[in-house]
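S.K.: Handing you a structure now.
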Amino acid sequence: MARKLLFNHSWIFLFICILLIPYNATCFYLPGVAPEDFQKGDMLRVKVNKLTSTKTQLPYTYYSLSYCRPERIIDSAENLGEVLWGDRIENSPFVFKMREPQLCNVVCRITLNAQTSKEFKEKIDDEYRVNMILDNLPLVVPIRRPDQDSSTVYLHGFLVGLKGLYVGHKEEKYFIHNHLTFVVKYHRDPLTEVSRIVGFEVKPFSVKHEYEGEWNGKNRLTTCDPHAKKIVSGSESPQQVEDKDEIIFTYDVEFMASDVKWAYRWDTYLLMADDQIHWFSIVNSLMVVLFLSGMVAMIMLRTIYRDISKYNQLETQEEAQEETGWKLVHGDVFRPPTNSDLLCMYIGTGVQFFGMVLVTMIFGALGFLSPSNRGGLMTAMLFLWALMGLFAGYSSARLYKMFNGTEWKRITLRTAFMFPATAFAVFFLLNALIWGKRSSGAVPFGTMFVLVLLWFGISVPLVYVGGYVGFRKPAIEHPVKTSKMARQIPEQAWYMTSVISILIGGILPFGAVFVELFFILTSIWLHQFYYIFGFLFIVFVILLITCAEITVVLCYFQLCSEDYLWWWRSFLTSGSSALYLFLYATFYFFTKLEITKPVSGVLYFGYMLLLSYAFFVFTGTIGFYACFWFTRLIYSSVKID
């Protein structure tokens, strides 16, 4: 039996090796299936999105500042994920004509008052960036790395403005970016002469525009004149932000032919200059997996195989009583644990998480969750969570029946409400804080109603159906009978106590994912692109194996010391990796982020606490099922009189 397990185990490593081969698969995606073709002179309408800041994490709508407005502001239809992510996409006064460059187009002229100048200064202080969209491509600012000649980093949006000092002055002033030089990259079909947009970049400038006479809307600017071919170069006097200051907003448009085809236009945004660190992380994690696999193989082939052979050769009861080890607790190893109802609920929720994450990873690796589909990832995860309620109810009911439970409706409803209710309560409180700041990140009540409808209308009924099906199945039979009297557990060595064992068990699973966790946190909190589901899927598989193997190893040591209370410890052993995740998130907050506002700090730790809780349930479930399979396997292999 043990040799057969090792054979099956080797197939897992073969599967991982296959995953490591297709490097290009990490960047494969489906950016869309409906490209838009443009003839020369066709209208290109720029849309504006939210203002974002890594210092506050509170998005605001573009028109929350006194920017130039079109005659009528039209909101674009956002999906559920976009609304939850704080996206607010609206039309703008920036209108281009395909392949027709424009120079110094005047958008509007405004005069600041005390309130509007204060709002601009606050956004400049907090380093807010303006986000725009053209043909579903986000606006980026290209920045060339000084250490690498050919490497260019793309930043989301451009800064509202900057702070600086005039020569000879000590007082810091605020300057606004009021002139934008757009660069639209296009790929032209030589046969049909139609063009497709493959890039949207901007160079922002702060320019104090000057003109002759009184302003009538048609004045020629002396600082930027298309007739004299005078362009903004950055050497002009910057536009200051003060009460009663006049600001003229202008823009240029350049069109640049590109060899990049439309299907690959996102590669520029998603290209990783530091992909070697991902491979280093995977190789490092594989070393951990190989080490654990060696221990598991040793336990399976040598220790357990030897123990089973020896136990089966014992002829008398006296000889059996002289033996020590895991066989002695066979009458107690499957005794139902304390708080078994709570364990069933956690396991059901963990199965729901596993199904959601697995399907999301597969769709992401295949390219169906491309960044071009804004909000698609969040929307997919929410709907998958609701659909996976079927498996949550089934798993919790099956386990509950094995523990001799009879009230399956109660355990099923508790499974349906436990984690979602906690998450919704935290989400509602954090949303109230965002609402108080009048941020566009606050989820409207209509969207909250949709979430509740998704929960009660889809998830809860599916959990109930799964529970009904699971409870109707025959109860899982244990390989050995449980004795009537509980065996006394001998005093354990200090390193085998529950706390020490649990804390040790969470280190390796966290170590397998912490490098990838850095990139995920950077994507969420520093607003960078993250689309490396190929890498992430490999790390996900390594995490599953690590959680399973470390739990099996520690479970074996626990049973050998005649401690049969493994149900909860198996769950907590791998689940304790969530503690290290939260500690790392705290470290990340103080070392990588520049958040200073209390509300932003509460948002960060609130959401990271919720993420850690979900990670705890997910990894704990993996460890529990691995240990459950292991104990059933070894106790079904020995003769019990």
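Cβ atoms are placed via backbone N, Cα and C, with glycine included.
Unlike curated records, TrEMBL annotations are generated automatically.
According to TrEMBL, the signal peptide annotation covers 1-27. The transmembrane segment annotation in TrEMBL covers 279-301, 343-369, 375-394, 415-436, 448-471, 492-525, 531-559, 571-590, 602-630.
In terms of burial and nearby residues, how do these features look in this structure?
M.R.: Within its own chain, the transmembrane segment (343-369) has Cβ neighbours under 8 Å at 25, 28-31, 337, 376-377, 380-381, 384-385, 388-389, 391-397, 399-400, 403, 405, 411, 414-415, 418-419, 463, 531, 533-534, 536-537, 540, 567-568, 571, 614, 617-618, 620-622, 624-625, counting only residues six or more beyond its boundaries.
Proximity of distant same-chain residues to the transmembrane segment (375-394), defined by a Cβ-Cβ separation under 8 Å and at least 6 residues beyond the stretch ends, is recorded for 78-85, 87, 348-349, 351-353, 355-356, 359-360, 363-364, 368-369, 412, 415-416, 451, 454-455, 458-470.
Long-range contacts of the transmembrane segment (415-436) within the same chain, counting only residues at least 6 positions beyond its ends with a Cβ under 8 Å from a Cβ of the stretch, are 58, 344-346, 348-349, 389, 392-393, 396, 442-443, 448, 451-452, 455, 459-460, 463-464, 467, 599, 602-603, 606-607, 609-610, 613-614, 617.
Residues 343, 346-347, 498, 501-503, 505-507, 509-510, 514, 517-518, 521, 547-548, 550-551, 554-555, 601, 604-605, 608-609, 611-613, 615-617, 619-624, 626 of the same chain sit 6 or more residues outside the transmembrane segment (571-590) yet have a Cβ under 8 Å from a Cβ within it.
Cβ atoms under 8 Å from those of the transmembrane segment (602-630) belong to residues 57-58, 343, 346-347, 349-351, 353-354, 357, 419, 422-423, 426-427, 429-430, 433-434, 505-506, 509, 525, 543-544, 547-552, 555-556, 566-567, 570-579, 581-582, 585-586, 589, 593, 595 of the same chain, restricted to positions at least 6 beyond its ends.
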S.K.: Please report, as numbers and ranges, the same-chain residues at least 6 past the borders of the transmembrane segment (492-525) whose CB is under 8 Å from any CB of it.
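M.R.: Same-chain residues near the transmembrane segment (492-525) but 6 or more away: 54, 57, 277-278, 280-281, 284-285, 288-289, 292, 532, 535-536, 539, 542-543, 546-547, 550-551, 554, 557-558, 561, 563, 569, 572-581, 584-585, 588, 592-593, 604, 619, 623.
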